[in-house]
Each structure stands twice: as structure tokens, then as C-alpha cells.
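The structure appears below as C-alpha cells.
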């Protein structure tokens with residue numbers, strides 16, 4: 001709480017410092033942490049590393065920034081508080097760094113590039129153009145990043161599972177709980193909050209502070225992201241059950 005209080009009192013623009021921090025973490029990943037990995041694995045590992053430094057801290061900071069405000073200011077049309085702006089800048093810096101990573105080294109990964117561009121559009125318009133509505137985006141940030149730690153450890157284990165039996169065991173052990181948590185957040189909580197957000201913004205209650213095209217674009221971007229996330233986790237569930245069925249059939253055949 002002391003850290004959040006100091007951030008709330010900080011008047012400087014923190015985005016450059018956050019971006020430099022992510023760049024430094026990325027370089028550490030490339031040059032030291034994953035230097036023995038194959039080139040593509042090193043790229044994925046470095047991206048996961050900066051995501052580790054973003055996800056959980058961002059979720060905690062976003063939750064703190066929401067709870068720090070009086071209940072009357074927790075509105076879809078409320079003006080952004082200074083602490084909320086700092087949290088947005090923290091995430092904007094992360095997505096900027098990861099976007100540069102994809103543009104420089106993985107330009108063919110169109111889905112991730114499109115996701116990062118769309119996310120940056122939403123955050124940047126909220127932070128620097130309309131300067132209202134951060135409450136909605138920070139709730140979505142909490143929902144998006146609450147699974148980040150588990151997801152990144154699961155991803156790193158998945159990258160290394162073909163070379164390491166221990167990593168394969170970690171990947172197998174983490175898959176079910178990660179899938180369950182991700183499904184609950186992205187398949188239940190996320191859509192419910194999106195409905196609430198959509199009803200508010202389409203009612204015209206924010207018309208004086210957030211232009212209609214911004215409100216509609218936020219709804220479309222968030223809705224698309226949730227739909228893609230649910231399609232992704234659905235495919236992972238199918239793969240998990242297929243692998244389990246194959247393992248069961250093989251065990252029966254061996255006996």
C-alpha cells in the first residue's frame with residue numbers, strides 16, 4: 001500500500017522509465033537467462049520474462065488503484081486518477097516492448113501483433129485522449145492478468161518440455177488448474193463484466209466525456225479479445241482430453 005501511495009503522489013511521467021525497465025529485462029533474458037536456448041525458444045522465453053514482470057504486478061496495482069478510490073468514483077465514465085494513469089502507463093510500456101519484440105523478430109505472428117495494437121489503442125485513448133474510463137479498463141486488466149503468473153510458468157515449461165522431463169512434468173501438472181482458472185476468468189467473469197460495460201456505454205451515460213466511436217471501439221476490441229481467448233482455451237481443453245484419451249487407450253493396450 002505504501003508503494004501505491006507513493007505512485008499516487010508521483011507527478012512525473014513514468015512511461016519512459018517503465019519502457020526502459022522492460023527493455024532491460026528483455027535484454028537480460030536474451031543475453032543471459034535464455035542464452036543457451038535455441039533462437040526461437042530464446043525469443044519466446046524473453047517475451048515470457050517481461051510478461052512475468054508485467055502480469056501479476058499490473059493486476060495487483062490495478063486492483064489497488066480501483067480500491068483506493070471512493071466507491072462513487074468507480075464508474076465507467078469517471079475521470080482517471082493519477083494512480084490509474086500510472087498503472088495504464090505501466091501496461092502501455094509492456095505492450096509497447098512486446099510489440100517491438102514481435103515486429104523485430106516475429107513479424108509473421110499476426111495474431112499477437114494485432115492483439116497488442118488493439119490493446120494499445122484502448123489503453124492510449126483512455127490514458128491520453130479521453131482521460132476517462134480507466135476504472136473499466138483496470139477491472140479488465142485485473143481479469144486479464146490474474147492468470148499471468150500461472151500462464152507464463154506453464155508457457156515456459158511448454159517451451160522446454162521436449163528437452164526436459166522435469167519441464168514436461170511441470171507442464172502436465174499445471175495444465176488442468178491453469179485451464180480451469182483461465183476458463184473461469186475469460187469464459188465467465190470477463191463476459192459478465194463486458195455485458196455490464198456495454199450496457200453502460202450504449203446507454204449514452206458517458207456521452208459527454210467519451211466519444212461514441214471510442215466507446216464502441218472499446219466494446220469491439222474487448223469483445224473480440226474475450227472471444228479469441230475462449231476459442232484458444234477451448235482448443236487447449238480439446239487437446240488435453242485427446243491426449244488423456246490416447247494415454248488411457250495405450251495403457252489398456254499395453255495391459
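Using the three backbone atoms N, Cα and C, a Cβ is placed for every residue, glycine included.
TrEMBL does not curate its annotations; it predicts them automatically.
Note that the coordinates shown come from a computational prediction; the quantities given were computed from them, not determined experimentally.
The transmembrane segment annotation in TrEMBL covers 13-34, 46-69, 99-123, 135-159, 179-200, 212-234. Summarising the annotation, TrEMBL assigns domain 'TLC' to 40-245.
Within the chain, the transmembrane segment (13-34) has long-range Cβ neighbours (under 8 A, six or more residues past its boundaries) at 41-43, 45-47, 49-50, 53-54, 86, 89-90, 92-94, 96-98, 101. In summary, the transmembrane segment (212-234) does not lie against the transmembrane segment (46-69): fewer than three C-beta pairs, each 6 or more positions apart in sequence, are under 8 Å.
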